[in-house]
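J.: Handing you this structure, nothing more for now.
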Amino acid sequence: MKIAPSILSADFANLETDIKKVANAEYLHIDIMDGHFVDDLTFGANVVQALRKHSEQVFDCHLMVENPDKYIDSFAQAGADIIGVHVEATPHIHRVLSHIKKTSAKAGVVINPGTPITAITEVLGMVDQVLIMTVDPGMGGQAFLEETVGKVKELAHLKAQHGYKYEIEVDGGINDQTIKKVAAVGATVAVAGSFVFNAQDPTKQVAILREAAQINGD
Ligand SMILES: O=C(CO)[C@H](O)[C@H](O)COP(=O)(O)O
Ligand SMILES: [Fe+2]
């Protein structure tokens, strides 16, 4: 299981310091909110570019924005390694994913808890990552929604059946207990914000998550 600390719960006044505390994780998860697709506002490509100088990790940019197509080039140029777009944010998901694939970034599709897997079936063969939201997007610190576990299992089944290559990422309410549930059904990347950064020692929290995932997962 790869661990993806979400800087949504980091100290925005000390991002450089905070990201160094989680250098033992494979990914850095960067939540981009536009105040339209979700209520809150976070940061843009300029912040990604600034962070890029301080980390070699995979920059996993989760775009919670309307009109995602408008932002793809700037995030790719800023140093995003993966750009994830919500299927709910565009009627043209195939076009947007094709656009990402023409940049240096890998393409991810994201689905909300209320969206079925059938909404993304047609694009599963073209994506590098599928992100299953395990909370409703918009804020950190929410409780994991148990009913999303079935979708992780379904995605893992489709991956094996069709030989797809995507990572299966989960995001929201991940802690040392919930990570076991998603690891057991095939998740390969776990995002965690509050569990990692709302603790004294974020480095240790990453290690705790990794160990917990191994008990029931890979
Ligand atoms: O996309 C997100 C919210 O929309 C965040 O990545 C997610 O909520 C992480 O926070 P936590 O681990 O505290 O639930
Ligand atoms: Fe996220």
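Cβ coordinates are placed from backbone N, Cα and C, and glycine is handled just like the others.
Straight out of TrEMBL:
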type     : residues                                                                            : note
ACT_SITE : Asp31                                                                               : active site, proton acceptor
ACT_SITE : Asp171                                                                              : active site, proton donor
BINDING  : Ser6, His62, Gly138, Met139, Gly140, Gly141, Asp171, Gly172, Gly173, Gly193, Ser194 : substrate binding site
BINDING  : His29, Asp31, His62, Asp171                                                         : divalent metal cation binding site
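Just tell me what is around each of these and how deep it sits.
T.: Note: Asp31 (active site, proton acceptor) has non-local neighbours Ser6, Ile7, Leu8, Thr42, His62, Met64, Gly193, i.e. same-chain residues 6+ apart with C-beta under 8 A of its own C-beta.
Asp171 (active site, proton donor) carries a strand DSSP state (E or B).
Remark: Asp171 (active site, proton donor) has Ala4, Ser6, His29, His62, Val110, Leu131, Ile132, Met133, Thr134, Val135, Val191 as non-local neighbours, by Cβ distance under 8 Å and separation of at least 6 in sequence.
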J.: Let me know the most crowded of the binding-site residues, choosing from Ser6, Ser194 and counting other Cβ atoms within 10 Å.
T.: Ser6
J.: Please list, in sequence order, every residue of the chain apart from Ser6, His62, Gly138, Met139, Gly140, Gly141, Asp171, Gly172, Gly173, Gly193, Ser194 whose Cβ lies within 8 Å of the Cβ centroid of the substrate site.
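T.: Apart from Ser6, His62, Gly138, Met139, Gly140, Gly141, Asp171, Gly172, Gly173, Gly193, Ser194, the close residues are Leu8, Ser9, Asp31, Val135, Pro137, Gln142, Val191.
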